[in-house]
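Q: Following this message is one structure expressed as structure tokens.
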Amino acid sequence: MTRTAAPLNANPAFHSALSRHIVVPLLVSVGLCTCFLALMFYLLSVNRWIDRADQTTSQTHHALKELVDAETGLRGYLGTGRTLFLEPYNTSNEQLPATFAALKDQVAADPLQAALLGQIQSGYQSWRQYAQRMLALRQSTDPHAQALVQGALAEEGKQRMDAMRGAFDQLMAAQEALRATRSHDVSTAISVIVVLTILAAVGIGVLLGSIGRRRMAVLAATYDSALARHETNTERLEAQAALASGLAALGHEVLGEQSVAALSHSILNQLVKFFGAATGAMYVSSDNASYVRRAQYGWRDAALALRPAFNRGDSLAGEVVASNEVKLLPGLAAGHVQVSTLLGDSAPEQVLLMPARGAREVNAVIELGFTGPAPAAAVEFAQLASFNIGMAIESAQYRERLQSVLHETQQLNEELQTQQEELRVANEELTEQSRLLAESQLKLENQQAELEQNNEQLGVHSAALQVQKDLADKRNDALELAQQQLEQRARELAQASQYKSEFLANMSHELRTPLNSSLILASLLGANAKGNLDEEQVRFANTIHTAGLDLLALINDVLDLSKVEAGKLEVWPQSLAIDPMLDNLEQLFRPLAESRQLGFGIKKAPGVPVWMHTDAARLQQILKNLLSNAIKFTEQGSVVLTVAPGADNHLTFAVQDSGIGIAPAYLPNVFEAFSQADGATNRQYGGTGLGLSISRDLARLLGGDIAVESKQGEGSVFTLSVLRELRVGVEPTASTALDASTPPASEIAQPVTAPAIAVFPTRRDGARTVLIIEDDAVFAETLTLLGTDQGFDCLVAQTAESGLALALAHRPDAILLDVKLPDQSGLALLEQLKQTPALRHVPVHMMSGEDRTEAALQLGAIGYALKPVNHAQLLAVFARLEEQLTRTVREVLLVEDDAGQRESIRALIGATDVHIVAVPSAAEALKQLEHTVFDCMIVDLGLPDMQGSQLLEQMAASQTYAFPPVIVYTGRELSRQEEHELRRYSHSIIIKGAHSPERLLDEVTLFLHQVESQLPADRQQMLKAVRNRENIFEGRKVLVVDDDVRNIFALTSVLEQKGIEVEIGRNGQEALDRMAQAPGIDLVLMDIMMPLMDGFEAIRRLREQPAFKRLPIIAITARATRDDQERCMTAGASDYLAKPIELDKLLGLLRVWMPRH
């Protein structure tokens, strides 16, 4: 039995080493820490003394300054006689006694300084008596007295002051000398303590190392011996495990009902495999006590005739049977069976003979030949496996005997059935004879025959039903198999569709991410903010930016083509006004055609409807591509777009040009991707050849197609046909039917940009104009009808971009704005409107299915409607707009306890259309709020009866008071906690300072919706200055989270130029760590696709922490899919941006979400 090594923790040497190498160093560390703490306390005490010395020196300088001010005031008065100069003299005389008293307490511990201070005080008393005498002489009308003032007495005053200055110099010199002495003592003490500590540590370390080295050598020898024993035990266990594994594999091979021959081959093959033998044979006992070869391995065909059997006692194999012992025979002669391979034959070097014993006797012998030495464990394994093999052979022989007996039994059974049939025939003959002899039983036998016939018919019917059941079962099995095949095919198609989806999403991310940084940096260079680039370099930067935009358009085309081919491009049908769309196309392409000296026209045939229901964005994309191609390939002549009704509820748009035309050979390939007429066309006109391919596929998605007619040199006509009423789920044309097994396209579709169109109704004289910016065409139409009924003229835009363009072009009286627009957040557009001087006065009412009321009101909205809205709520919205437009006077509540400040603010914001109610206390403010609705409220925090924050809290807690937009205007700095509390009631917090009046004016004009151009010139200049400073960004801290260093560099460059301090995180986990380590983050820009932890998970983790519930988080995604946007908002993002980032949109969102000071 192996002796078990003692555990290490029972070794006294181990405990001794542990004590020296852990406990002793720990005690030394504690001692060193104690010395270090003593040194730190000593340094802290010295530091406190230095602080007191600094205060003493500062107080001394202050006393000297006050004395000089007093002398200067006295001299001024004596020289001019103006009492104005006596103000500093009187002020200094009032403050000097207190200053001397404080200084006396500080120098009391030093006799020299105390004596000098006493000398200064006595000199000051003497000088003050002199000053009183001089004042009395100066006020006298005696000429002799005036001469004394200008003469000897003035010289006396100078001498007295010089004496006091000298005493002050001695006092300050004494203070500096004492400080230098203390500093020298501290430096000496620190040096001595540090040197002694280092020497002690080094000495103890050397001593411990020397002692420990010898002890560790002894322990190492002990551990080596234990490891050697462990290795021996491991080898023994591995050998046992190998034997167990071999036995298990052998047991697996003998399982099942196998014949003796098959079982013999399985056993022999497994043993050859386990031992690595080169040849082998297995002999199994027969009924006559002989052993017959049932399996062989590695034998030549010529050797098969050798020794097919042997008897008990013959040869070594017979002796093995008799002795039931395993034999290993080394050094065999060449006469044994040769090991045969393709390369030649060779004799085995060793042979292993192993018996297999069953329950009573040896029933098999196995002989294995090895070309080299047999494995060391061969004999042991053979002894262990002998019984298992024997029992398996015995079971197989028993099964064979049982099958033989069963066969004989079946033959006997068949003979018995034959005899029974003969007996049945004899019985029938006897029955017939009985029927003939017994007439009385004839009727009964007839009835029995009828019953038998009925039974036979029932049997036939039963057989027929059984056949039908079998056929039905077969059909069901076939149907089930077909169903399984269809399900497998559907899974394969879904998986392929998912791969395509992932490819499109990843392509979008991988292509847009590097392009994002290129566009941002090129835009920064083109802006030339520092003015250090010449015109040529700026032109180069703008060229890079333009090339990047072209590359982005190409990427979008390629992705659109890929999505169409994958069946993933979805359409968004909505109502579309045809005339405004055609007007937009004409405004877009007529200048381009005229610049090339081409004619351009749009014709509309009779019967064209006013509205159609289709995907407006995709329809315009097709028409723009066809018109662009027509103008590009036309050198002279004209381009005409003709709209006409088509067959089967279709509309046709025919684009005809007089350009170069297309050769007949190239017409069949004109709609193929990346295909153009020839290489010369690409070189002359450029392009990728994707536009027509994408346009054709989009046309088929809209329920139509594109046809072309062309003659080379004369021109071409491209005819687009689309359904008038396209509904969701409409079947595409047969030529492009998408795979029905693919998942819904919304899973990967990019957000479809709503049509940038506007509806222009007939303008009515005197009617007010309201601009409706809403991407839902049905809801926009409802608002238009309702607005018209309320007396408004309505303009409709379905994107932020077109809405801003319409607002600038038509200057509406009011705006209804949706928050969720396809190309930009409505809040960002609201901020952009309020940053535009020509539009900031226009009242804006917001609408959305998400509650962003607080943010909208703080940005200057007059109201917020939460969808869904009913008819009464919409009427209230238009009534609110009407009330806002008809009001001529705006009400402002000013809460300020300082009368001077109240008048200053009145002068700053006062106007003929502004009524200011100024109150000095919170109580009076609450009285005003009870019965008056104010458009804006300006409140100071330091009020006499309560804090301004308490006033706001009381207003919010009670329904009695109206709660207008609040501007906090305070003169003290706020802590982060105070600012956080005030943010619940106001996002406009202004700290009084050099530029605070401009900011206050900017905020007030925003909430009062004043027309900036009607303000006085000086106020317009103030507003322009405050906007140019971008002070909302100054001193703010933004966390940028992105795994791409190029994007980090680009965003950091933009933000730092605006005065923003940037923190960086490279994945979601780093973002969480950075938020925990760097307090004071005002906003987070979070990329979505990152390693380790993506942006979705990082946003969710941040929102789980109470401190970050209201933190603005803007998600940045390169996939730009509708699903990604929804996931961003669901995860907790405040807003989102799609790559590549446009700087104006980025800065607009930062202004929206950045808390205002």
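One-based numbering along the chain as shown.
For all residues, glycine too, the Cβ spot is worked out from N, Cα and C.
Below are the features listed in TrEMBL for this protein:
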- 22-44: transmembrane segment (TRANSMEM)
- 189-211: transmembrane segment (TRANSMEM)
- 395-499: coiled coil (COILED)
- 506-726: domain 'Histidine kinase' (DOMAIN)
- 769-882: domain 'Response regulatory' (DOMAIN)
- ASP818: 4-aspartylphosphate (MOD_RES)
- 891-1007: domain 'Response regulatory' (DOMAIN)
- ASP940: 4-aspartylphosphate (MOD_RES)
- 1037-1154: domain 'Response regulatory' (DOMAIN)
- ASP1087: 4-aspartylphosphate (MOD_RES)
Q: What is the separation, in Å, between the Cα atoms of ASP1087 (4-aspartylphosphate) and ASP818 (4-aspartylphosphate)?
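A: One finds 26 Å between the Cα atoms of these residues.
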Q: Please work out which residue of ASP818, ASP940, ASP1087 has the most C-beta neighbours within 10 angstroms of its C-beta, and give that one of the modified residues.
A: ASP1087
Q: C-alpha of ASP940 (4-aspartylphosphate) to C-alpha of ASP818 (4-aspartylphosphate): distance in Å?
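A: That comes out at 34 Å between the alpha carbons.
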Q: Kindly assign ASP818 (4-aspartylphosphate) to one of the three DSSP-derived states: helix, strand or coil.
A: strand
Q: By DSSP, how many residues in the domain 'Response regulatory' (769-882) are helix, how many strand, and how many coil?
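A: Taking the domain 'Response regulatory' (769-882) as a whole: 52 helix, 27 strand, 35 coil.
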Q: Looking only at the domain 'Histidine kinase' (506-726), report the model's average pLDDT.
A: 77
